[in-house]
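Note sheet for the following structure.
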Amino acid sequence: MKMKDELINLIINEGCIKFGHFVLTSGKESNYYIDIKSLITNPKALRIIAKLIKEKAEELNLNYDKIAGPELGAVPIATALSLETNKPLLIVRKKKKEHGTGKVIEGNVQKGDKVLLVEDVTTTGGSVIRAAKILREHGADVVGIFVVVDREEGAKENIEKEGFKFYPLVLVSELFKAAGISKDQS
């Protein structure tokens, strides 16, 4: 079984597709929710995700020297990828710390760093765009944004409009097809 198919099966079998009424981070309302956070506590799933991102980045000849993820959902993914690639980790906070060092980025970000940014789920891409812009403001070059699941609700277009390259591992349409769910059911 291909790793991507294995990931899709894990997402389905771990019950990550939930139905009901949900308000997403983007503020949009939805009748389904992709709960990747329950998946990214699974070491097997994290290994698969990290290997898929690493392989795809290699296929694309992406040159990067650091891995970043916005808190909270992307941190385990970024950590797994950091371990898989042996590249340093950066964590982009949702907001600047009010205490201690007051950092918005944890880790050593420097001007000219080539950063691979990861995210768990994208809808409009707002959260990951914000993280990418913060990295850019600190002198980093975001060479690619990888997401585990893209809901196909504008993230690709919004991210690319901001000048970033976007690489989803799985599209929600692929998940629904594999789970035997029609878009109308969702």
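FYI, residue positions are counted from 1 along the chain as it appears here.
Each residue, glycine too, has its Cβ placed from N, Cα and C.
Marked as 5-phospho-alpha-D-ribose 1-diphosphate binding site by Swiss-Prot: ARG93, LYS94, LYS97, HIS99, GLU119, ASP120, VAL121, THR122, THR123, THR124, GLY125, GLY126, SER127. If you look up Swiss-Prot, you'll see THR123, ARG151 marked as orotate binding site.
The structure, with features from Swiss-Prot marked on it.
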| residue | record | DSSP (3 states) |
| --- | --- | --- |
| ARG93 | 5-phospho-alpha-D-ribose 1-diphosphate binding site | coil |
| GLU119 | 5-phospho-alpha-D-ribose 1-diphosphate binding site | strand |
| GLY125 | 5-phospho-alpha-D-ribose 1-diphosphate binding site | coil |
| ARG151 | orotate binding site | coil |
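In the shown protein chains, 25 other C-beta atoms lie within 10 A of the C-beta of VAL121 (5-phospho-alpha-D-ribose 1-diphosphate binding site).
Counting in whole angstrom, GLY125 (5-phospho-alpha-D-ribose 1-diphosphate binding site) lies 10 from ARG151 (orotate binding site) by their C-alpha atoms. A straight line from the CA of ARG151 (orotate binding site) to the CA of SER127 (5-phospho-alpha-D-ribose 1-diphosphate binding site) spans 14 Å. Here the Cβ of ARG151 (orotate binding site) has 24 other Cβ atoms within 10 Å, regardless of which shown protein chain they belong to. Same-chain residues at least 6 positions away in sequence with a Cβ under 8 Å from that of GLU119 (5-phospho-alpha-D-ribose 1-diphosphate binding site) are, in sequence order, GLY69, PRO70, GLY73, ALA74, ILE77, SER127, VAL128, ALA131, ILE145, PHE146, VAL147, VAL148. Counting every protein chain shown, 27 other Cβ atoms lie within 10 Å of the Cβ of GLY125 (5-phospho-alpha-D-ribose 1-diphosphate binding site).
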